[in-house]
Amino acid sequence: MILPDINLPAILPDLNLLDNVLYTTSKSQVTPGDLIKFVIVLTFSIIFLRVIIIYLRRTLKDHVSKDVGEPILKLLYYGSLVVIFISILPLIGIDPSGLLLAGGVAGIVLGFASQNIVGNLVSGCFLMFERPIKIGDQVDVNGIAGYVTDIRIISTLIRTYDGLLVRIPNQQVFTTNITNIVGHPVRRFEYTIRIRYSDDAGAAIWLIKDLIDKEPFALLSPSPSVFVNELGDSSVNIVVRIWAPVSEWFGLKTRLLWNIKKTLEENGIEIPYPQRVLHIKSETEKKPQLAEEPNINRLEETEPVLNFEERVLN
Amino acid sequence: MYGYYDPPFSVEKDGISISLDKTGDRWVYRRTSGKDEVEKLVLGDRKRIIINPVEPLNTPKEITPNLLIEFEKTVLLAGGEKRQIFLTFPVEIGVFISDIGDKNPQLIDVLSLSRQKFTLYGEVSNGVVCKHWKSRLYSVSPDLNPLQEGVMELTLRNASSEWASISKAVFSAYGMKLYYDGDVFMKARMEILNRNTAETGFDMQPVNGEMKGYLVKDQKIRKEAFGVYSLRKLGFVPLKFYMGWGF
């Protein structure tokens, strides 16, 4: 079979699409092929870097804590990405050295356009280096309390105590007051225990100290303190101050308070209700000119307050 | 109680009961100690149970790898001197399961009969939480209940030229090496560097033959215990403890 003589170049005007010049820079001419190469190299670099980071994360998992390892890995990832990006810029006809000059002008323009993003980025870098908070810490940032689950380049993720995920821009984290609840290895908590005036405060203090001594996580040093702090309106107020490891203080606080209450009650020491003593003047005192009152009036003087009120109401 | 057991077995001492029995086609591990009860299923045959003393830092909860031993009486050590004393330390009982040949030991349970208390060594802002133990000082190794207390032979060396007043020592569990055979034993050292700093560590060498004073024992008799910390795959963890807040 003989093929008819067809002029293929006339039908398919140009098969070398990839060699067409898209645009020309001062250094070179850029073709679609260059552009595709640029995208392919960048894509493979990102994939390669991610694989390396995953491998390193698994390797370092048992050796380096997460709060130390993650910033290092992020720095490695983004640093490598920037280096690769700059080094393949010539593929698309951009001279990296020109970026220094262009960067000055473009930087100003971009800076104004994206100052929030850049601000968050810079704050993110400072957060990673200064490390006022670490991944896993319990913090209170601007009224949002919870666990730091991740410190990203732009934002910080916090899991609140009731399980909500809150994303806070790094600029806000960096410029606001941060309370790091686990910033120190130990922390103190306090109770005020109220006992009746008729109870033995010395015995109550001894019982509370004994309970503290039996609690493993109530630290020996700094030593706990238990003392009468105030002679209140209705009660003698005993203050209990205990130091505990930051990881254990909350469990200890909730457990020990109830134990103190139970132990004091078992030993006859009770927590009083608020009370007020009323002195009721009798008619005798109001009217001293009346010389003798029958015996029944004397009984009324010592009549309980409740009965007195009942009588008045009735 | 310490030793190697091939299932089924049951052992009981000082209120502790440990057993591994076959129920149907599965093995059941049971441990009771006072009100505390533990029951676990073991799937797999040809296993061995090892009960031995472990580092006293796993109960009631592992929150620190550091043990602080407070001396009942302060020790005064002259500059340049080197002396040995015997202390006690709390013992925890570790139960491991291993393949035949004692390969791949895995901790399945840990318990303690000793008093549990923690303390802070150093400042509130940057100190370290330590397990606390108060010990009498002995010139010869004391006889103790090996399920509760062990003996630590501590070599004190004052590298400074001044007198050192020593009332406590802090040790890192990562360097601990326990030996047992009728008693539980550790050999440690403490070097006084200057007025406020010291360094502690453990000796991996064979147990001192003068351990019991009159009763000669050597390392061939005493077994080396599997440690909870020593079984972990650790990176760059210092085996020594640097005491920078005084002693």
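Positions of Cβ are set from backbone N, Cα and C atoms, glycine also.
Over in TrEMBL, the protein carries these features:
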type     : residues  : note
DOMAIN   : A:74-115  : domain 'Mechanosensitive ion channel transmembrane helices 2/3'
DOMAIN   : A:116-181 : domain 'Mechanosensitive ion channel MscS'
DOMAIN   : A:190-271 : domain 'Mechanosensitive ion channel MscS C-terminal'
TRANSMEM : A:35-55   : transmembrane segment
TRANSMEM : A:75-94   : transmembrane segment
TRANSMEM : A:100-129 : transmembrane segment
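For the domain 'Mechanosensitive ion channel MscS' (A:116-181), the number of residues in each DSSP class (helix H, G, I; strand E, B; coil) is 21 helix, 26 strand, 19 coil. Under 8 Å from some Cβ of the transmembrane segment (A:75-94) lie the Cβ atoms of residues 23-25, 27-30, 34-35, 37-38, 41-42, 45-46, 49-50, 53, 56, 128, 153, all in the same chain and six or more residues away from its ends. Residue counts of the domain 'Mechanosensitive ion channel MscS C-terminal' (A:190-271) by helix, strand and coil are 32 helix, 23 strand, 27 coil (DSSP-based).
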